[in-house]
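Input: a single structure, listed below in structure tokens.
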Amino acid sequence: MDLVKKLDLGRMPDKHTDNTTVIITAAGKGTRMNSDINKQYINISGIPVLARTIDVFQKCEAIDNIIVVVNEENMEYCRLNIIERFHFSKVGSLVGGGAERQDSVYKGLCAVDKCCKILLVHDGARPFVSNKDILACINGVKAYGACGIGVKLKDTVKICNKSGFVESTPDRSSLWSIQTPQAFSYEIIMDAHNKAIQSGYIGTDDMVLAERLGIPVKIIEGSYQNIKITTPEDLIAGEAIAYNAVTQQKD
């Protein structure tokens, strides 16, 4: 994986001629949240997490189409309480998810219009992604073909054995924590998923599917505020981020 510091990519694409679609994955059940409500539908400052996430892409002028992938049993709930309630006009498809995240993304890919040139994949539980980072990903695809948002690690990382004893300490300067969006030309990501299916490979994200084919992937430095709402502690942090955003708007 080729690494790069924050690039001057956070601008509106020069000519918006490439059809750009985002797949928002929200099919996970969020067992670590310890809640009867799926994490995507928990409120942060009165607004569901998934609604906050979709709203960022709805407002981004460079995004043409949104595909939302949810657990099949929640499709009607999502349609009524998220898409219709908040009038998300860019949501062109609501798709039932698969057993693994990778399966859910592939189902979303199968719903993409064939005129799509640029494809973003984003976690539905990351509601604080910025418009700047979305634009950086789109411009990154035009420049490199494949890219993703990440941040440098703050903590030292230890590699341990099964007994919990430290075996080694990797150089932190070369380690990044990967977020979403992850973005690709449509041809690259579709081919990467098809070949993963053919070989039975399951990856932890979409970038690794491109990496295993030898495709260079750029990392664009993002924001530590682009957190994934996974645990109750994340909700506390999310409330603070949402509050600060409202305060800054008033100022």
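Glycine residues also receive a Cβ, built from the backbone N, Cα and C atoms like all the rest.
Residues annotated as site 'Transition state stabilizer' in TrEMBL: Arg32 (among others).
Annotated site 'Transition state stabilizer' per TrEMBL: Lys39 (among others), in sequence order. A helical conformation is recorded for Lys39 (site 'Transition state stabilizer') in the three-state DSSP classification.
In sequence order, Leu153, Asp155, Thr156, Val157 are the residues near Arg172 (site 'Positions MEP for the nucleophilic attack'), counting only same-chain partners six or more apart with C-beta under 8 A. Marked as site 'Positions MEP for the nucleophilic attack' by TrEMBL: Arg172 (among others).
For Lys228 (site 'Positions MEP for the nucleophilic attack'), the same-chain residues that are 6 or more apart in sequence and have a Cβ closer than 8 Å to its Cβ are Asp123, Ala125, Arg126, Gln179, Asp234. If you look up TrEMBL, you'll see Lys228 (among others) marked as site 'Positions MEP for the nucleophilic attack'.
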